[in-house]
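Q: Straight out of TrEMBL:
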- Glu297: active site (ACT_SITE)
- Asp380: active site, proton donor (ACT_SITE)
- His296, His300, Glu376: Zn(2+) binding site (BINDING)
- 41-107: domain 'CAAX prenyl protease 1 N-terminal' (DOMAIN)
- 114-186: domain 'CAAX prenyl protease 1 N-terminal' (DOMAIN)
- 190-432: domain 'Peptidase M48' (DOMAIN)
- 20-38: transmembrane segment (TRANSMEM)
- 132-150: transmembrane segment (TRANSMEM)
- 156-177: transmembrane segment (TRANSMEM)
- 318-340: transmembrane segment (TRANSMEM)
- 346-371: transmembrane segment (TRANSMEM)
Amino acid sequence: MGMWASLDAMWEMPAEKRIFGAVLLFSWTVYLWETFLAQRQRRIYKTTTRVPPELGQIMDSETFEKSRLYQLDKSTFSFWSGLYSEIEGTLILLFGGIPYLWRLSGRFCGFAGFGPEYETLGFFMKDAVKKFIVTQCILLPVSSLLLYIIKIGGDYFFIYAWLFTLVVSLVLVTIYADYIAPLFDKFTPLPEGKLKQEIEVMAKSIDFPLTKVYVVEGSKRSSHSNAYFYGFFKNKRIVLFDTLLEEYSVLNKDILEESGMEPRKDGEGDSEEIKAKVKNKKQGCKNEEVLAVLGHELGHWKLGHTVKNIIISQMNSFLCFFLFAVLIGRKELFAAFGFYTSQPTLIGLLIIFQFIFSPYNEVLSFCLTVLSRRFEFQADAFAKKLGKANDLYSALIKLNKDNLGFPVSDRLFSMWHYSHPPLLERLRALESSKRD
């Protein structure tokens, strides 16, 4: 009887108090779920101290241990930063922080960023200033125009707002690589040679309309490796990180110098011990492995994954603006967060998109994660059809090593968080396909 009486009492509370309580309850439920998953994964980091057999030929125990300790440090930081953020957010809501900040500043904006390993403090500071300036140049006019469209759009403002954000996203995708990205990193055309010729041949074999291939100097920002393509219609370009290319990697030159091993033809001079040490510590992939990675990326294009993701994103965007139009007139939503006499549009966007949509966003995020993993397996299979299974197998191990990724994952943690399948799952899928 006591429980049912408590539930009846809750339903008799004013709507704004029920909304506020539901928001807080859901926020803490998600936090506790995320913490539970993180602790499961942390247990994996603590107990898995040996290199998995599948990786023994490429990943040495020193690199594996470095990755394990790195992930342990990250998980410790994530736990405390997550706890702090959750308590801070709860206190802000409980003590009317949003209305206070609104009255204090007249505007409410937020920025968040996390950088990997920067080369120098000066580079970090310069990069941060650039990011701030570029963000302001884009965010302020876009936000202002969006608020203006909502204000003057009438009953169908959600359609105009959606069309506006669609146009903005397409413009940003179009100009980003040519005008925004070069502000932060140096892009140079891939020199003529065997690798470029093989990339062009592979692109032509699947009718990919390649126009240019670039190498981006990502090593100043991070040791992480990547490759991607961009462009619309018949104007596609491929970008390779210098950290992906074994012959471009700055780290490889340093390793050779430290080992005392001079650049020479394979099999000449140096002891087997030194060669093995250098092989395990070298960064990046051989040309054949780079082609396998690109075969995977081009598989996303050939299989329509890019278009499918754009369609899903725009359908979600339209649905969110439609629901926003339905909810923006509900005074109890504003009252739940301390706005009893006014309903500012910007605050409405914050309340509805960040708090009211939270359950929907969590479900959508999980569904997109499942879909993304399915796409990754399909792209791996596409690379296999191009005859790249063996090279992709070794490339995935090398990229995981270079990015200090930990190859062993808790099933629940990876299912909830990983947009890419865990390394060992991908390797097993490729291994089975190689046997086929």
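Note that Cβ sites are derived from N, Cα and C of the backbone, with glycine treated the same way.
Predicted automatically and left uncurated, TrEMBL annotations should be read as such.
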Q: On a simple 10 Å Cβ count over all chains shown, which one of the binding-site residues His296, His300 is most densely packed?
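A: Most Cβ neighbours within 10 Å: His296.
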Q: Pairs of Cβ atoms less than 8 Å apart decide it: which stretch in 20-38, 156-177, 318-340 has the most with the transmembrane segment (132-150)?
A: 156-177
Q: Residues other than His296, His300, Glu376 within 8 Å, Cβ to Cβ centroid, of the Zn(2+) site?
A: Glu297, Gly299, His305, Phe375, Gln378, Ala379, Asp380, Phe382, Ala383
Q: In sequence order, which same-chain residues at least six apart have a C-beta under 8 angstroms from Asp380 (active site, proton donor)?
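A: Residues satisfying the criterion: His296, Gly299, Leu392, Arg426, Ala429, Leu430.
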Q: Other Cβ atoms within 10 Å is the metric here; tell me which of the recorded positions Glu297, Glu376 scores highest.
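A: Within the set of recorded positions, the most crowded position is Glu376.
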Q: Should anything in the same chain at least six residues away from the transmembrane segment (20-38) have a Cβ under 8 Å from its Cβ atoms, list it; otherwise answer none.
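A: Distant Cβ neighbours of the transmembrane segment (20-38) are 10, 13, 75, 78-79, 82, 86, 89-90, 93-94, 336-337, 355-356, 358-359, 362, 410, 412-413, 416-417.
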Q: Looking only at C-alpha atoms, tell me how far Glu376 (Zn(2+) binding site) is from the residue listed as 'active site', rounded to the nearest Å.
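A: So the alpha carbons of Glu376 (Zn(2+) binding site) and the residue listed as 'active site' sit roughly 9 Å from each other.
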